[in-house]
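Asker: Okay, handing you the structure first.
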Protein chains: 2
Amino acid sequence: MACGEFSLIARYFDRVRSTRRDVETGIGDDCALLSVAEKQLLAISTDTLVSGVHFLPDIDPRDLGYKALAVNLSDLAAMGADPAWLTLAITLPEVDEPWLEAFSDSLFEQLDYYGMQLIGGDTTRGPLSMTLGIHGLVPAGRALKRSGARAGDWIYVTGTPGDSAAGLAILQDRLDVADAQQADYLRKRHLRPKPRVLHGQALRDRASSAIDLSDGLVSDLGHILKASDCGARILLDSLPYSEAMRDNVDAEQALRWALSGGEDYELCFTVPELNRGALDVAIGNLGVPFTCIGQVVPASEGLQFFEEGRPVTLDLKGYDHFASH
Amino acid sequence: MACGEFSLIARYFDRVRSTRRDVETGIGDDCALLSVAEKQLLAISTDTLVSGVHFLPDIDPRDLGYKALAVNLSDLAAMGADPAWLTLAITLPEVDEPWLEAFSDSLFEQLDYYGMQLIGGDTTRGPLSMTLGIHGLVPAGRALKRSGARAGDWIYVTGTPGDSAAGLAILQDRLDVADAQQADYLRKRHLRPKPRVLHGQALRDRASSAIDLSDGLVSDLGHILKASDCGARILLDSLPYSEAMRDNVDAEQALRWALSGGEDYELCFTVPELNRGALDVAIGNLGVPFTCIGQVVPASEGLQFFEEGRPVTLDLKGYDHFASH
């Protein structure tokens with residue numbers, strides 16, 4: 001195995017297009033050696049993607065190369081960290097050169113875009129899966145944590161959550177969208193989610209907490225509420241929907257996808273009243289809508305949903321993530 | 001999946017026995033947040049272990065928990081780095097609680113021993129495999145790289161390479177060792193390799209290059225020679241063998257295992273003539289034999305083997321790793 005392993009790594013992954021100054025030794029020794037500037041904290045996250053669980057087995061390798069990195073960048077965005085280095089451990093059933101070329105081209109394109117460098121990895125034979133380790137840098141004391149929300153803070157989301165679930169439904173022939181442009185938009189929201197890295201950076205010192213939407217809004221907001229020991233009121237009328245969603249999906253399904261669809265990789269964050277003006281200035285020009293969807297309340301009030309000013313009870317089946325906490 | 005995932009993580013992996021001061025945020029946010037002291041470099045390595053490829057499918061989970069970490073610690077040792085943090089991405093076919101308890105107990109025992117902290121991870125369902133990301137710290141400018149060997153330097157190994165391959169042969173019923181203690185010793189060398197962390201630290205400023213023996217001596221020394229643009233003379237008479245190896249394995253097989261057995265996780269390193277005295281002082285009291293097995297020569301001389309003072313040609317079949325470079 002090791003022979004094939006080395007030639008694989010050498011050929012497809014050992015191409016250093018960007019050379020960061022903080023990388024003293026990259027791929028090719030027992031460890032990579034990195035320097036971290038003074039007063040910077042290191043932010044580290046790791047995610048595994050398994051074929052058939054996290055992506056469709058017949059996924060275009062270019063989409064996979066994109067999404068594998070985007071999902072991990074989204075974790076950095078949620079901390080307000082600047083992307084820096086990546087490790088990639090990939091398990092492949094066979095050496096499929098066109099596949100590897102398309103996958104690695106797409107991955108390196110994104111790495112270059114974000115000024116990142118691949119610093120190490122491992123290649124093994126087996127069922128297709130990969131584990132990425134992403135490393136970012138954030139000024140000490142300015143990271144966005146889940147635990148900073150306080151009663152009275154306003155709750156925001158970027159973008160239009162639920163689109164990714166609608167896109168997946170199209171890909172799996174569970175949703176029919178006649179308009180080709182709208183269908184394409186929704187599919188792209190699933191296959192090519194945009195990690196909100198710039199938003200995360202701009203939210204430092206302004207948001208009191210943040211998380212990225214990987215499991216669904218109710219579930220992920222639940223993590224903030226749990227870590228911050230708070231409750232929340234969500235105004236269902238305020239939930240933002242894309243035009244493609246409004247035009248093609250009935251209201252009940254759209255609501256369900258918005259609250260629990262998952263894989264949107266938008267940010268959900270809380271902002272103290274005093275910072276709302278600064279927020280508009282900080283992220284108003286980034287070309288992505290952001291919407292206030294409710295307010296943080298004391299933990300004793302739990303998580304409540306309102307529609308037309310009145311509390312409503314939602315059937316929380318399908319919101320398992322939150323139910324488990 | 002996510003539900004089970006969270007309860008798994010919470011129950012077995014979210015136990016912080018050691019709390020390092022450099023961990024500002026551990027498990028439980030989008031990223032871990034870590035601080036790196038001034039004048040320290042970060043050393044990062046990642047390794048995947050797949051059932052049936054890197055370990056026997058019926059391996060005792062305690063041995064697996066030990067070895068998964070040991071293999072990664074060995075990469076830090078080869079750089080002379082101090083162990084610090086671990087990420088663990090594990091894919092499991094099912095939630096087998098006794099298995100998880102035994103695996104994680106063993107893993108945390110080792111983490112505690114080395115003063116390390118688990119800072120993040122991911123749990124997914126699928127065929128058993130895991131990817132560890134290990135993070136260490138090394139004083140800037142003092143890391144042991146593969147590229148520092150120079151003609152004239154002496155080549156050393158710790159321990160007795162080949163024992164791990166003999167241990168594996170016993171486990172697979174390919175080798176019969178009558179003496180129970182000797183059989184146990186060899187099996188342990190395969191199942192519980194000792195990462196040479198203390199040796200790596202002591203070799204800073206003394207060794208000119210280092211690597212750990214994962215693929216076999218010829219292959220791994222080959223990486224040093226390639227990175228340093230050198231050749232080497234290996235004195236086969238000098239290769240160190242354990243008593244268990246000498247008593248139970250014929251000379252030809254022992255030589256083959258010593259040169260290409262793999263998975264010994266001993267260190268191979270080079271030392272300039274001037275540092276040989278300091279070397280004895282630095283690692284002479286660590287309780288592990290270390291042996292000079294040859295000398296670095298100019299690249300033009302290639303890799304040569306000597307027996308009783310005369311050059312010998314080895315059949316390099318089974319030494320694929322090196323042949324591929």
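These residue numbers are counts, starting from 1, taken along the chain as shown.
From the backbone N, Cα and C atoms, a Cβ is placed for every residue, glycine too.
Caution: TrEMBL annotation is automatic and unverified by curators.
According to TrEMBL, the record shows the following:
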- A:Asp30, A:Ser45, A:Asp75: Mg(2+) 4 binding site (BINDING)
- A:Asp47, A:Asp75: Mg(2+) 2 binding site (BINDING)
- A:His54, A:Glu263, A:Tyr319: substrate binding site (BINDING)
- A:Gly121, A:Asp122, A:Arg146, A:Ser214: ATP binding site (BINDING)
- A:Asp215: Mg(2+) 5 binding site (BINDING)
- A:28-138: domain 'PurM-like N-terminal' (DOMAIN)
- A:150-299: domain 'PurM-like C-terminal' (DOMAIN)
Asker: So of A:Ser45, A:Ser214, which of the binding-site residues has the fewest other Cβ atoms within 10 Å around its own Cβ?
Answerer: A:Ser214
Asker: For each of the binding-site residues (A:Asp122, A:Glu263), count the other CB atoms lying within 10 A of its CB, then report the residue with the highest count.
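Answerer: Highest number of other Cβ atoms within 10 Å: A:Glu263.
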Asker: Which of these binding-site residues is closest to A:Asp75 (Mg(2+) 4 binding site) if you go by CA atoms: A:His54, A:Gly121, A:Arg146, A:Ser214, A:Glu263?
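Answerer: Nearest by Cα distance to A:Asp75 (Mg(2+) 4 binding site): A:Ser214.
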Asker: Can you tell me the three-state DSSP label for A:Asp75 (Mg(2+) 4 binding site)?
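Answerer: Assignment for A:Asp75 (Mg(2+) 4 binding site) reads helix.
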Asker: With H, G and I counted as helix, E and B as strand and the rest as coil, say where DSSP puts A:Arg146 (ATP binding site).
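Answerer: Helix, per DSSP.
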Asker: I'd like to know which binding-site residues lie near chain B: of A:Asp75, A:Ser214, A:Glu263, which have a CB under 8 A from one of its CB atoms?
Answerer: A:Asp75
Asker: Rounded to a whole angstrom, what is the C-alpha distance between A:Asp122 (ATP binding site) and A:His54 (substrate binding site)?
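Answerer: Taking the Cα atoms only, A:Asp122 (ATP binding site) lies 20 Å from A:His54 (substrate binding site).
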Asker: Just counting, how many other CB atoms are there within 10 A of the CB of A:Asp75 (Mg(2+) 4 binding site)?
Answerer: 27
Asker: Which three-state DSSP class does A:Asp122 (ATP binding site) fall into?
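Answerer: Going by the DSSP assignment, A:Asp122 (ATP binding site) falls within a strand, counted as strand.
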Asker: How many Å separate the Cα atoms of A:Asp215 (Mg(2+) 5 binding site) and A:Glu263 (substrate binding site)?
Answerer: 6
Asker: In the domain 'PurM-like N-terminal' (A:28-138), how many residues does DSSP put in helix, strand and coil?
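Answerer: Looking at the domain 'PurM-like N-terminal' (A:28-138) with DSSP, the answer is 36 helix, 47 strand, 28 coil.
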Asker: Tell me which of the binding-site residues A:Asp30, A:Asp47, A:Asp215 sits in the most Cβ-dense spot, judged by other Cβ atoms within 10 Å.
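Answerer: The residue with the most neighbouring Cβ atoms within 10 Å is A:Asp30.
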Asker: Hey, how far is A:Ser45 (Mg(2+) 4 binding site) from A:Ser214 (ATP binding site), Cα to Cα, in Å?
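Answerer: If we compare the Cα positions of A:Ser45 (Mg(2+) 4 binding site) and A:Ser214 (ATP binding site), the gap is 14 Å.
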